[in-house]
Amino acid sequence: MKGFIPQNMHPVYYIMLLLVFMLGGFFVGNFISLSVLYGFFNYGLQDLANVVQNPADYPNGKVAVNLFQGISHFCAFTLGPVMLLVATGVNLQRYLSPKWHVPALLFLLSALLIVVIMPLNSWFIDINSHMVLPDFLHGFELWAKEKEEALKELTNYLIKFDSVGQFVLGMVVFALIPAIGEELVFRGVLQTQLIRWFRQPHVGIWVTAIIFGAIHMQFYGMLPRTLLGALLGYLYWWSGNIWVPIIGHFVNNGFTVLLMYLLQRKVITYQIDTEEAMPIQSIIFSVIATAGLLYYLWQQFKTMPATSGNNPTETDTIF
């Protein structure tokens, strides 16, 4: 299907249009969310604003906020980029997954990689949490810490599940929807266009990863998120299949949600929301296992031929 937006426009314009389509999706998502919440809970616009600020004060506040977040995120981060790609007339499979047939083993190993790297990532979390900024940034440091604590408190409340149904909803809202939407935005479109622009995959991957780390507005979690973004970026670049980073992202978020649920049910006792690094033995094992998996995946992915045409990042002209 021929689109009404040229496919070979400059990446800067492509990225600007991505923001426009995401903003449009956000407004559509808000409208749908308001309609759903009004229909189920009789919450109006002002009620919703109060619920988002203080969900614990409302009987259905937790479910309402989760529904609002899930619908809004889906419309902005999933429908937004998909509609942009449709408007350009590209073949979605060819654009997002030029290497369509990825063996199941490589999907599983990519998911395992996300789990294996967690002890190493805990070290970066520890480093990031103890960062001290220069005196002239003291005001920003106080603001960042206050925002970090507020978001942590809200998140802990939202993922405190009182039933299996709430756990399933939480898995969808905090793991599945962000995994699909954020990978479409950051890896599927943004990284692809930045690689076209810079003509250097490593630059495009790392710039995207930095934006990915910063966009969550949590300074004291930016370093581990940036490294996760880079890891997902390389998995996408090597595999040529958008479902590889999507599954990796889902495992990262879903593993945390699952452990929080098991902790609440007293199945496990380990406090996963700690900012302290894991034992050094675990970190050393993580480094070795991560390096081995990365090398194996790189070797396997690079031998896979494209199954649906050329990767657009390699062939499109931008001028």
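Placement of Cβ uses the backbone N, Cα and C atoms for every residue, glycine included.
Pulled from TrEMBL, these are the features on record:
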type: DOMAIN; residues: 167-254; note: domain 'CAAX prenyl protease 2/Lysostaphin resistance protein A-like'
type: TRANSMEM; residues: 12-41; note: transmembrane segment
type: TRANSMEM; residues: 71-92; note: transmembrane segment
type: TRANSMEM; residues: 104-125; note: transmembrane segment
type: TRANSMEM; residues: 167-190; note: transmembrane segment
type: TRANSMEM; residues: 202-222; note: transmembrane segment
type: TRANSMEM; residues: 242-262; note: transmembrane segment
type: TRANSMEM; residues: 282-298; note: transmembrane segment
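For the domain 'CAAX prenyl protease 2/Lysostaphin resistance protein A-like' (167-254), the model gives a mean pLDDT of 95. Long-range contacts of the transmembrane segment (167-190) within the same chain: residues 14-15, 18, 22, 63, 66-67, 69-70, 73-74, 76-78, 80-82, 84-85, 95-96, 158-159, 161, 208, 211-212, 229, 232-233, 236, 242, 245-247, 249-250, 253-254, 257-258, 261, each at least 6 residues beyond the stretch ends and with a Cβ under 8 Å from a Cβ of the stretch. Sequence-distant contacts of the transmembrane segment (104-125), counting only residues of its own chain at least 6 positions beyond either end whose CB sits under 8 Å from a CB of the stretch, comprise 221, 223-224, 227-228, 231, 235, 239, 243-244, 247-248, 251-252, 255, 275-278, 282-283, 285-287, 289-290, 293-294, 296-297, 300-301. Beyond its flanks by at least six residues, the transmembrane segment (282-298) meets 106, 109-110, 112-113, 116-120, 122-123, 234-235, 238-239 of its own chain at Cβ-Cβ distances under 8 Å. For the domain 'CAAX prenyl protease 2/Lysostaphin resistance protein A-like' (167-254), residue counts in helix, strand and coil come to 79 helix, 0 strand, 9 coil, using DSSP.
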